[in-house]
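Asker: Can you keep this structure in mind? I'll have questions shortly.
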């Protein structure tokens with residue numbers, strides 16, 4: 001049987017949807033004793049053969065046709081008919097429980113102490129919202145001016161506002177005269193009622209607010225929270241304050257989980273209401289606490305088997321199906337099992353009990369459940385179920401305790417053609433959340449072609465929370481998809497043949513309606529399959545999508561999941577940002593360059609961190625600093641790099657235009673306590689962005705890095721940081737200036753290096769010791785002088801040198817001169833002899849003689865200087 005909803009379950013790589021949900025539905029009809037199934041000719045079908053033994057139901061009514069509860073309600077209405085505003089309002093009640101609830105609400109309203117908390121708990125169809133609506137109408141009649149109502153969405157308040165108007169009718173208020181109803185203009189709210197303005201006595205208002213808008217409750221007198229169980233527990237706590245509070249919660253059914261609220265918040269409210277006011281310092285201390293439980297159904301008669309059948313079929317009343325665990329084994333002794341969905345939804349007695357227990361864990365956790373989720377789990381072709389069990393004793397014939405449940409959806413394997421078309425059209429098909437979101441965020445068409453798994457839900461037994469079972473389940477699932485748990489050879493895989501199972505719906509088509517015999521199958525495979533016995537799918541990554549909270553993010557971060565997307569718009573229901581994280585698996589099919597621990601995901605993760613850092617000043621400005629620090633996961637310890645400061649690599653040069661020398665002087669003045677911190681507030685974002693990109697390797701404490709994040713990235717003032725970090729103003733400024741001093745010291749160091757590298761440098765003279773001793777040096781110098789003097793003497797006695805003084809071709813003139821002097825030299829020692837050379841020759845000889853004399857003079861002077869230097 002193919003349904004229209006199956007179209008949403010199909011993806012490009014998983015197109016065959018199964019009909020397990022319809023099979024279980026048809027099988028359940030046979031067990032419903034108050035149901036008769038007929039064909040189009042009104043023939044009773046064999047599936048309703050139990051109708052043959054039908055017996056009349058005993059009627060417990062009086063002479064007026066009223067049951068005991070109806071008679072009590074009638075008496076209550078008559079007793080209060082003269083009381084205003086209780087009398088007119090209680091006439092609108094359908095059951096005694098509803099009437100008592102309205103009276104309890106109105107007692108708290110008329111008390112006007114504004115310190116009561118009234119909680120209404122009931123299953124589906126008991127009239128909780130109607131009772132609240134009548135009570136709010138009574139509050140208006142009692143003079144309350146500011147009333148706020150909230151719920152997961154305005155759709156949940158349709159019944160509440162409807163009965164407020166019915167209450168006004170009972171109190172004789174006229175629409176458009178005494179009050180006006182305002183519809184929402186938000187297309188997401190589908191024209192739901194969001195406000196009622198009342199003018200009869202004075203200006204009064206009933207206003208809808210979203211659950212996370214608790215800051216709007218400053219002037220509230222009465223706060224009504226409908227379907228509180230579907231709102232996260234921390235959000236509900238933030239809504240409570242010093243005013244009258246009405247809480248309504250569905251303890252089972254698909255409107256909310258219920259268990260988290262009833263077990264945690266109600267217990268806390270009840271305990272604090274019993275404590276002295278001075279012993280508890282919060283807004284919940286010293287308050288009056290009242291709890292109302294509505295058990296009588298309005299939609300069904302008391303004990304109607306149809307209601308019981310519907311609750312069992314849709315797993316609406318599974319809150320009581322959580323069995324107590326007799327023994328909590330160590331997480332290391334637990335094993336993960338694959339759940340066969342054909343057997344799980346076969347409507348077999350044991351598989352039905354196992355299904356109810358699985359759904360009970362979902363209800364006990366923070367997930368909101370609906371029949372659509374059950375059908376998705378049964379029929380979606382890409383979904384698979386795993387359970388964590390303790391050591392199983394096969395000798396005992398009973399179902400093991402479920403410690404943890406994991407629902408996984410296989411995604412990816414999308415063709416590049418489809419990815420390119422999706423990017424160009426701006427449309428994302430159903431399913432494959434992580435591949436399509438990754439493709440959109442990084443404009444990457446390769447990632448969707450990879451295969452991966454998305455953990456849709458993970459729920460732990462309420463008695464086993466925070467004991468490591470969820471972590472053990474995630475670790476085993478990761479190892480399973482990496483192929484570490486399945487010792488199956490390739491031959492075994494090739495010979496594995498899946499046995500086709502004939503479904504009840506398929507078998508019914510082969511026979512006529514009057515001949516078919518619908519009953520659970522007997523040829524079913526094992527419900528639980530150990531992971532050693534099942535071949536895992538070949539995957540490249542595991543991902544998760546969840547509402548971002550600190551605890552959840554730390555859980556996935558602890559298991560080496562890294563974020564790649566955080567939605568900038570908060571959910572209107574929970575006030576949380578959508579977060580998607582991813583963990584690459586060890587796979588030989590993808591080539592990875594380098595040794596990045598994130599594998600192929602490394603560059604995308606770094607890109608996400610840069611984008612998130614820039615968005616902290618706008619979309620994530622009010623995000624808790626602990627959560628922002630966990631997401632960025634900055635490196636704040638650089639002690640391994642500080643002894644050898646890394647080269648600046650032109651870091652200050654890269655800051656030219658945004659960080660001037662004057663900015664450096666201002667920073668120095670602040671770190672020297674010569675200026676106020678307001679003087680450098682414009683520099684803080686620049687420095688902090690560089691620090692969180694690891695361009696300023698300075699070791700800071702976690703508190704210092706947190707203060708820098710709040711001031712530099714989130715642009716928050718000191719007063720806001722005081723409330724966030726829970727420190728005094730002086731402590732925050734002390735942490736801030738210490739971190740600024742460290743950053744300034746580093747900047748000053750690399751600035752000095754960069755400036756020094758640009759200055760011209762003199763060539764360095766290297767002083768080296770002599771290779772010989774002083775005595776040897778003196779002896780060598782003396783020898784050189786002696787050799788020089790000897791050479792000079794020898795050169796003076798050289799015949800060639802003396803030849804210049806020879807008197808050639810004038811012997812006769814010489815003799816004649818001597819004779820003139822009577823053979824004796826004159827007293828002056830000079831003889832005059834006439835020369836035969838021309839003037840030019842004489843001049844040339846003189847120049848040559850002059851140059852020779854200069855050369856000798858220079859040699860002599862050089863010899864003296866050498867002696868002086870050596871000495």
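Cβ atoms are placed via backbone N, Cα and C, with glycine included.
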Asker: Scan 766-818, 819-871 against TrEMBL and say which stretch is down as region 'Disordered'.
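Answerer: Spelled out, TrEMBL records region 'Disordered' over residues 819-871, not the other listed ranges.
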Asker: The acetyl-CoA site in TrEMBL includes 458, 459, 460, 465, 466, 467, 468, 469, 470, 471. Which of 535, 554, 557, 558 is also listed there?
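Answerer: For acetyl-CoA, TrEMBL names 458, 459, 460, 465, 466, 467, 468, 469, 470, 471; of 535, 554, 557, 558, the listed one is 558.
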Asker: What does TrEMBL list, out of 8, 287, 299, as binding the same ATP as 125, 126, 127, 128, 129, 130, 131, 132, 133, 134?
Answerer: 299
Asker: Quick check on the binding-site residues 131, 458: which one has the highest count of other Cβ atoms within 10 Å of its Cβ?
Answerer: 131
Asker: Ten-angstrom check, please: count other Cβ atoms within 10 Å of the Cβ of residue 466 (acetyl-CoA binding site), all chains counted.
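Answerer: The answer is 9.
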Asker: Could you state, as a whole number of Å, the largest distance between Cα atoms of any two of 125, 126, 127, 128, 129, 130, 131, 132, 133, 134, 299, the listed ATP binders?
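Answerer: Per the listed residues, the maximum Cα distance equals 19 Å.
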Asker: Which value does the mean pLDDT take for the domain 'Possible tRNA binding' (600-817) in this predicted structure?
Answerer: 84
Asker: Widest Cα span across the acetyl-CoA binders 458, 459, 460, 465, 466, 467, 468, 469, 470, 471, 558, in Å?
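Answerer: Of all Cα pairs among the recorded acetyl-CoA binders, the widest measures 17 Å.
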Asker: Per DSSP, residue 125 (ATP binding site) is which: helix, strand or coil?
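Answerer: The three-state answer is coil.
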Asker: Just how many other Cβ atoms lie inside 10 Å of the Cβ on residue 299 (ATP binding site)?
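Answerer: So the Cβ neighbour count for residue 299 (ATP binding site) comes to 11.
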Asker: Which of the binding-site residues 460, 466, 468, 470 has its Cα closest in space to the Cα of residue 133 (ATP binding site)?
Answerer: 460
Asker: In whole Å, how far is residue 460 (acetyl-CoA binding site) from residue 131 (ATP binding site) when you measure between their Cα atoms?
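Answerer: Between the alpha carbons of residue 131 (ATP binding site) and residue 460 (acetyl-CoA binding site) there are 35 Å.
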